[in-house]
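Accompanying notes for the structure given below.
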Amino acid sequence: MCLDGCAHALLLSFLQQPITACLLSAAFFGALGSSFIYGYNLSVVNAPATYIKAFYNQTWIDRYNEPVAAETVTLLWSITVSIFAIGGLCGALSVSYIIRVLGRRGTLLVNNSFAVIAALLMSLGETAKSFEMLIIGRFIIGVDSGIALSVLPMYLGEITPRHIRGSIGQFNSILICLGVFTGQVLGLPELLGQESRWNYLFAFLAFPAVLQLCVLPFLPESPRYLLMERRDEEGARRAFQKFLGKDDVSEELEEVHAEARAQETLQAVSVFQLMKSQTVRWQLVTVVVTMASYQLCGLNALWYYTNGILLEAGFNQEIVPYITLSTGGIETLAAIISGLVIERIGRKPLLIFGFTAMAVFFSLLTVFLNFQDRVSWMPYLSYICILAVIASFCSGPGGIPFILTGELFEQASRPAAFMIAGTVNWLSNFAVGLLFPFIQETLQTFAFLVFVAVCIVASIYLYIVLPETKNKTFMDISQSFAKINQIPYPSPSHEMEMVESSTLWH
């Protein structure tokens with residue numbers, strides 16, 4: 001009933017100002033060539049892992065006439081998996097520089113070249129007898145994902161009316177989940193998860209990139225970027241008209257002008273300047289906390305236990321891959337529901353609910369895992385808890401941190417903010433991959449209590465600090481932080497001075 005009410009409210013907001021084909025295309029195809037590729041790469045290496053290691057061994061024999069040592073195979077495989085996060089970090093660090101030159105849409109378009117190059121390297125590595133091509137390809141696709149996860153939320157946040165900004169922003173999360181699910185499906189033995197076909201799993205990467213290349217050039221650049229950074233008012237007017245589907249966009253243009261007048265500078269702020277600025281101090285802390293929690297809340301660690309729990313429950317090894325498809329399905333469904341309800345419920349309640357529910361189900365999972373060997377039906381409860389953790393994550397923490405990063409900062413600060421958020425995201429991702437095996441070895445089934453603590457701390461912080469941002473302008477959101485940042489609102493006289501100075505670039 002609650003979901004029906006939220007969907008009805010969302011429908012009413014669409015009827016007030018109907019969502020256009022142009023805006024929907026930008027959201028879907030933008031996410032298809034960006035978020036989808038990231039999600040796909042999270043899961044695609046799991047199914048062919050055995051075949052890729054065999055390929056490494058055979059290549060080593062062809063080169064050195066002896067089998068590769070087990071430790072070397074493990075090292076090469078670890079590098080293949082973890083270098084994706086290193087590439088993501090490099091991509092995130094480069095965003096603020098690329099975006100100044102190419103803009104939002106231009107950066108997304110150029111970024112597709114990384115996906116195509118990576119697809120070629122990884123799919124042809126076996127033919128060329130070069131495992132280095134596979135490793136380099138994983139690094140390049142990491143760069144692609146690092147850029148995409150910063151630029152796409154920025155683009156979607158700037159082109160969308162504020163009353164549906166959260167719902168459109170959730171396309172990022174939905175397509176990530178859909179990418180994970182697609183990687184799981186294509187990795188099944190009946191499809192591409194075979195020794196003779198695994199390289200096609202990587203060739204598939206070029207498909208969403210090419211689709212985006214075919215559509216995105218016909219869609220407008222971000223009107224906020226055009227107006228505030230390129231000083232192209234006519235271009236911004238045309239972009240707003242296409243995205244909103246109406247001729248009179250004077251109200252939207254005035255909102256951007258007002259934001260420009262309120263900013264201290266129209267020049268892009270550097271990372272160092274952003275970190276020094278008192279006016280955005282708590283926005284920055286909030287983004288760092290939410291983005292770190294996004295990775296450190298323990299979702300990635302779940303996959304370590306999933307197959308083992310299913311085998312303990314008595315499922316045959318052959319059918320386990322099909323059952324684990326339910327995780328990808330639950331992810332996608334929860335992300336879609338979150339997109340439907342976010343404008344009714346708000347960002348803050350969904351984030352707090354998601355992290356709190358994860359803490360509860362991680363606690364229950366810890367209990368069930370400790371009794372798994374004693375009670376025959378306990379593994380079923382463990383698996384239900386895993387699905388519940390995944391659904392809780394995707395209800396809020398799985399997508400809203402990216403939306404918040406775009407909402408909490410005004411135009412000049414946004415590229416630097418996404419650069420910092422992306423850096424925190426990928427460093428945290430790398431830290432989980434590096435440290436969790438040691439945590440698990442030390443704490444065994446109690447390892448999830450570490451993530452319980454992370455989720456509780458995140459919930460408490462967000463409850464105390466984060467204001468609700470739904471249906472607010474970027475200026476309104478900045479003013480919501482004025483008190484905690486201990487800065488005064490702009491005085492009327494100061495506002496008048498900025499109005500007069502803004503006439504220089506109108």
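Here the Cβ of each residue, glycine as well, is placed from N, Cα and C on the backbone.
Just so you know, TrEMBL annotations never went through curation; they're auto-generated.
Copied from TrEMBL, the annotated features are:
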{"type": "DOMAIN", "residues": "27-470", "note": "domain 'Major facilitator superfamily (MFS) profile'"}
{"type": "TRANSMEM", "residues": "21-40", "note": "transmembrane segment"}
{"type": "TRANSMEM", "residues": "75-99", "note": "transmembrane segment"}
{"type": "TRANSMEM", "residues": "106-124", "note": "transmembrane segment"}
{"type": "TRANSMEM", "residues": "136-156", "note": "transmembrane segment"}
{"type": "TRANSMEM", "residues": "168-188", "note": "transmembrane segment"}
{"type": "TRANSMEM", "residues": "200-219", "note": "transmembrane segment"}
{"type": "TRANSMEM", "residues": "284-304", "note": "transmembrane segment"}
{"type": "TRANSMEM", "residues": "319-342", "note": "transmembrane segment"}
{"type": "TRANSMEM", "residues": "349-368", "note": "transmembrane segment"}
{"type": "TRANSMEM", "residues": "380-404", "note": "transmembrane segment"}
{"type": "TRANSMEM", "residues": "416-439", "note": "transmembrane segment"}
{"type": "TRANSMEM", "residues": "445-466", "note": "transmembrane segment"}
Next item on the list: Counting only CB pairs under 8 A, let me know which of 75-99, 136-156, 168-188, 319-342, 380-404 has the most with the transmembrane segment (284-304).
Entry: 380-404
Next item on the list: Look at every Cβ pair spanning the transmembrane segment (445-466) and the transmembrane segment (21-40), keep those 6 or more apart in sequence, and say whether at least 3 of them are under 8 Å.
Entry: no
Check: Looking at 75-99, 136-156, 200-219, which one has the highest count of Cβ pairs under 8 angstroms to the transmembrane segment (21-40)?
Finding: 200-219
Margin query: Below 8 angstroms Cβ to Cβ, which residues of this chain, lying six or more residues outside the transmembrane segment (319-342), approach it?
Written below: 2-3, 6-7, 10, 43, 47, 166-167, 170-171, 173-174, 176-178, 180-181, 183-185, 187-189, 193, 306-307, 310-311, 350, 386-387, 390-396, 398-400, 470
Next item on the list: Report, as numbers and ranges, which residues of the same chain sit near the transmembrane segment (349-368): CB under 8 Å and 6 or more residues beyond its ends.
Entry: 290, 293, 297-299, 338, 341-342, 378-379, 381-382, 385-386, 388-389, 392-398, 400, 445-446, 448-449, 451-452, 455-456, 458-459, 462-463, 466
Margin query: Using a threshold of three or more Cβ pairs below 8 Å, and leaving out pairs closer than 6 in sequence, do the transmembrane segment (168-188) and the transmembrane segment (380-404) count as in contact?
Written below: yes
Checklist line | Remote residues contacting the transmembrane segment (106-124) - C-beta distance under 8 A, at least 6 residues beyond either end | finding: 30, 33-34, 37, 95, 98-99, 133-134, 136-138, 140-141, 143-144, 147-148, 151-152, 155, 199-200, 202-206, 208-210, 212-213, 216-217, 221
Next item on the list: Output the single range from 168-188, 200-219, 416-439 maximising the number of Cβ pairs under 8 Å to the transmembrane segment (136-156).
Entry: 416-439
Next item on the list: Quick one: average pLDDT across the domain 'Major facilitator superfamily (MFS) profile' (27-470), no decimals.
Entry: 89
